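Before any comments, here is the structure.
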Amino acid sequence: MEEIQQQQQQQQQQQQQQQQQQQQQQELTQEQIMEFKEAFCLFDKDGDGCITADELATVIRSLDQNPTEQELQDMITEIDSDGNGTIEFSEFLNLMANQLQETDADEELKEAFKVFDKDQNGYISASELRHVMINLGEKLTDEEVDQMIKEADLDGDGQVNYDEFVRMMMING
């Protein structure tokens with residue numbers, strides 16, 4: 001009885017994963033899908049519809065992504081849904097959809113940082129933060145602005161650099 005329930009749970013999980021994957025794939029444009037298919041086929045030497053982990057690394061790098069070895073291992077573990085050690089095109093497509101979403105988030109953070117960094121010197125000062133907060137309708141005291149800077153300023157230089165800004169945004173989401 002318990003075994004049947006476990007099988008049903010596994011089937012439900014697989015169906016949910018497939019639905020998520022289909023949704024992610026739908027967010028890709030036809031042009032993106034064709035570009036990914038082209039790259040995938042270039043490295044699928046024997047034409048069996050699968051690529052190895054090493055080939056995956058080469059494909060991803062050919063698409064201007066530069067993951068570390070650990071990131072590659074994590075990707076493979078995450079996307080090799082059937083656990084056969086090779087990557088089918090549908091699994092590859094899911095990976096690339098995820099990568100694009102992460103890239104979009106990075107771009108949004110860079111744009112947000114530029115809004116705060118008025119003089120474009122790579123740092124957000126207390127006065128720049130105060131200026132943006134006032135424009136957003138936030139009436140903060142000097143102490144509150146200083147406190148915000150202090151919380152985000154990990155290296156203690158009195159300003160917030162991009163890495164500190166990203167960390168702050170990830171924590172406060």
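Every residue, even glycine, has its Cβ placed from backbone N, Cα and C.
Listed in Swiss-Prot:
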{"type": "BINDING", "residues": "Asp44, Asp46, Asp48, Cys50, Glu55", "note": "Ca(2+) 1 binding site"}
{"type": "BINDING", "residues": "Asp80, Asp82, Asn84, Thr86, Glu91", "note": "Ca(2+) 2 binding site"}
{"type": "BINDING", "residues": "Asp117, Asp119, Asn121, Tyr123, Glu128", "note": "Ca(2+) 3 binding site"}
{"type": "BINDING", "residues": "Asp153, Asp155, Asp157, Gln159, Glu164", "note": "Ca(2+) 4 binding site"}
{"type": "COMPBIAS", "residues": "1-26", "note": "compositional bias 'Low complexity'"}
{"type": "DOMAIN", "residues": "104-139", "note": "domain 'EF-hand 3'"}
{"type": "DOMAIN", "residues": "140-173", "note": "domain 'EF-hand 4'"}
{"type": "REGION", "residues": "1-27", "note": "region 'Disordered'"}
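Listed binding-site residues near Tyr123 (Ca(2+) 3 binding site): Gln159 (candidates Cys50, Glu55, Gln159; Cα-Cα distance within 10 Å).
Figure note: comparing Cβ neighbours within 10 Å for the binding-site residues Glu55, Glu91, Asp157, the maximum is reached by Glu91. The average pLDDT for the domain 'EF-hand 3' (104-139) in the predicted structure is 83. Around the Cβ of Asp119 (Ca(2+) 3 binding site), a 10 Å sphere holds 10 further Cβ atoms from the protein chains shown.
Summary of the Ca(2+) 3 site environment: with the site residues Asp117, Asp119, Asn121, Tyr123, Glu128 set aside, the chain residues having Cβ atoms within 8 Å of the Cβ mean position are Phe116, Lys118, Gln120, Gly122, Ile124, Ser125, Gln159. Around Gln159 (Ca(2+) 4 binding site), the same-chain residues six or more apart in sequence whose CB sits under 8 Å from its CB are Tyr123, Ile124, Ser125, Ala126, Ile149, Asp153, listed in sequence order. Neighbours of the Ca(2+) 1 site: apart from Asp44, Asp46, Asp48, Cys50, Glu55, residues of the same chain with C-beta atoms within 8 angstroms of the site's C-beta centroid are Phe43, Lys45, Gly47, Gly49, Ile51, Thr52, Thr86. Taking the centroid of the Cβ atoms of Asp80, Asp82, Asn84, Thr86, Glu91 as the Ca(2+) 2 site, the other same-chain residues with Cβ within 8 Å of it are Cys50, Ile79, Ser81, Gly83, Gly85, Ile87, Glu88. If you compare Cα positions, Glu91 (Ca(2+) 2 binding site) sits closest to Cys50 out of the binding-site residues Asp44, Cys50, Glu55, Asn121, Asp155. Rounded to a whole number, the C-alpha distance linking Cys50 (Ca(2+) 1 binding site) with Thr86 (Ca(2+) 2 binding site) is 6 angstrom. Note: the Cα of Asn84 (Ca(2+) 2 binding site) and the Cα of Glu164 (Ca(2+) 4 binding site) are spaced 40 Å from each other. DSSP assigns Glu91 (Ca(2+) 2 binding site) to a helical segment in the three-state reduction. For Asp48 (Ca(2+) 1 binding site), the spatially nearest entry among the binding-site residues Asp80, Thr86, Asp117, Asn121, Glu164 is Thr86, judged by CA separation.
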